[in-house]
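Engineer: Here you go, one structure.
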Amino acid sequence: MPVERMRMRPWLEEQINSNTIPGLKWLNKEKKIFQIPWMHAARHGWDVEKDAPLFRNWAIHTGKHQPGVDKPDPKTWKANFRCAMNSLPDIEEVKDKSIKKGNNAFRVYRMLPLSERPSKKGKKPKTEKEDKVKHIKQEPVESSLGLSNGVSDLSPEYAVLTSTIKNEVDSTVNIIVVGQSHLDSNIENQEIVTNPPDICQVVEVTTESDEQPVSMSELYPLQISPVSSYAESETTDSVPSDEESAEGRPHWRKRNIEGKQYLSNMGTRGSYLLPGMASFVTSNKPDLQVTIKEESNPVPYNSSWPPFQDLPLSSSMTPASSSSRPDRETRASVIKKTSDITQARVKSC
């Protein structure tokens, strides 16, 4: 292979102008459109002198074939020529004018002028590279200029001082902390925000002189839940009001029946009273069934004691004592049963 050889485009022009290869000719010399015979060896068979003289000449020119030394290989010559034609940037195929079938198959190509030649894919013009390098170099300079413009409004004292920039992840605020050794006591630990964020942030600053925060009891006053209806009914049954207790205290008297003490109100109520239902039935005590027997001869509340004062003592007391005794025994037995069941839970009245 020769060290220096002619490039393919001028070599093709020389071959076309020689008129030594059949089928190779100019179709439009002004537009540089030419025709190359392109036979298919697999279909029609190879005639080296008729179908492959151009491919053979290119193989000899590139040093791939030496006449009289190498065996003829028109198929390889054609493949090498096609690859060389496709790699040229200044020659393109005119596919609408090419005929690829038949005994007279040929291809039409056009040589492009310098103005229409596309640049190579792997290379870029120097101007684009230089512009890109300049653009990359100018970006840090612009950022530093923007930072200096943000501090340019300060006095010359701050401009001379060295500053450190804190870069935080996902931070859009540049914070410049000025050196503390060069500042007075009035401007120590001062932070200058060059680019404040769009969203305002509320920051609470407290000092030692500020008052202590309000206690939790002041922030959340004590609240008492309302009393349920069941509790109200229970309290009304078990706990008397002040007026009732004031009126009823002087009238309560103690009585001893079968070794147990009971209270009775002789002035306004019957002789013996059972404790209220609230004292027997509550939320924390088992449900009990209490039976109260009604008196056969109830005493009116507005009558004086003892009843039937007009009657003789012997006649009036005898039936009353005989009739009231079983009633008293019945009440006492009921109270005794209930007190034995509840024992410690029921307090004595």
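From the backbone N, Cα and C atoms, a Cβ is placed for every residue, glycine too.
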Engineer: Looking at Swiss-Prot, which of Lys100, Lys132, Lys137, Lys254 is flagged as SUMO2 cross-link?
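Structural biologist: Candidates were Lys100, Lys132, Lys137, Lys254; Swiss-Prot attaches SUMO2 cross-link to Lys137.
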Engineer: Swiss-Prot annotates one residue of Lys32, Lys78, Lys336 as N6-acetyllysine; which residue is it?
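Structural biologist: Looking at Swiss-Prot, the N6-acetyllysine feature maps to Lys78.
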Engineer: Here are some residues: Lys75, Lys97, Lys134. Which is flagged as N6-acetyllysine in Swiss-Prot?
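Structural biologist: Of the listed residues, Swiss-Prot records N6-acetyllysine for Lys75.
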Engineer: According to Swiss-Prot, phosphoserine sits on which of Ser155, Ser225?
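Structural biologist: Candidates were Ser155, Ser225; Swiss-Prot attaches phosphoserine to Ser225.
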